[in-house]
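Undergrad: The structure that follows is given in the form of structure tokens.
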Amino acid sequence: MASWLSPFALVLCLLSSMASFSDSKAFSFDDNFVITGAKDNFKASPDGQVWYLYLDQRKGCGFQTKQRYRFGWFSMKLKLVGGDSAGVVTAYYMCSDLDAGLQRDELDFEFLGNRSGEPYTVQTNLYVGGVGGREMRHMLWFDPTADFHTYSILWNYHHIVFFVDRVAIRVYKNNGKLNSFFPNEKPMYIFSSIWNADDWATRGGLEKTNWKNSPFVSSYKDFSIDACQWEDPYPACVSTTTEHWWDQYEAWSLDDNQLEDFTWVGRNLVIYDYCKDAERYPKLPEECNL
């Protein structure tokens, strides 16, 4: 992978290491998030800066931002469930609706658990107007259960980029025209959650969750956001004004070093791409031609 950082990549590096406030110790979970699911399955470190979501056989847990955003940079550090995690999904995602509505827009990181010793798979997906089916799956080049790693989304009018530790693993482009495949109208909340999905998550549902290993625990910290917070009826910051770094020319495409890393990921770590699934999509979706 590339060994030096461009100015744009340096911005991403700095943002990845920052909390959302200048003093990370002052970050208040209660001021920014609400717990979803079983509240007794949520725990925090004594200083309130690390958050743990527990999954047992009866219930899971999650949290979501109180505010909605449209365009910007969204980042979180996660440490995934260790050991035998088959059937368990840990998620970090954005969604326009609180109840997964039929017309929702959504940007997903989903981490698909596996049997002990087998690698984790990260699945990314997008929904526009309630229509998904845009999955990509990647292997990771590290053990995501051994330590925290940073997972980020850059969202502007030109593209959506999914980053893992500052490496772009997926770029989803807009064509600059009115279309039905790029989410750019609805503001979104940010969510994190853990749940049982052993009907599909591991080897297509062949591997079931071993509840003898519960509770399963995923860990989160260092939520970082630099984005346009939504204000009704329409905040000025959603316009393409280039006032914010995530809306400036350098953020409209990958630079040469990011592209080098992205190409390496594409050659070595992609295990599924819906745009290459001709059996599923005999006529490829329009965005696949970009």
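The backbone N, Cα and C atoms fix where each Cβ goes, glycine too.
Heads up, here are the entries from TrEMBL:
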ACT_SITE  GLU106  active site, nucleophile
ACT_SITE  GLU110  active site, proton donor
DOMAIN    2-220  domain 'GH16'
CARBOHYD  ASN114  N-linked glycosylation site
SIGNAL    1-24  signal peptide
Undergrad: Around GLU110 (active site, proton donor), which residues of its chain at least 6 apart sit with Cβ under 8 Å of its Cβ?
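TA: Spatial neighbours, sequence-distant, of GLU110 (active site, proton donor): VAL89, THR90, ALA91, TYR93, VAL122, GLN123, THR124, ASN125.
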Undergrad: Within the chain of GLU106 (active site, nucleophile), which residues six or more apart in sequence place their C-beta under 8 angstroms from its C-beta?
TA: TYR93, MET94, CYS95, SER96, ALA100, ASN125, LEU126, TYR127, GLY132, PRO183, MET188
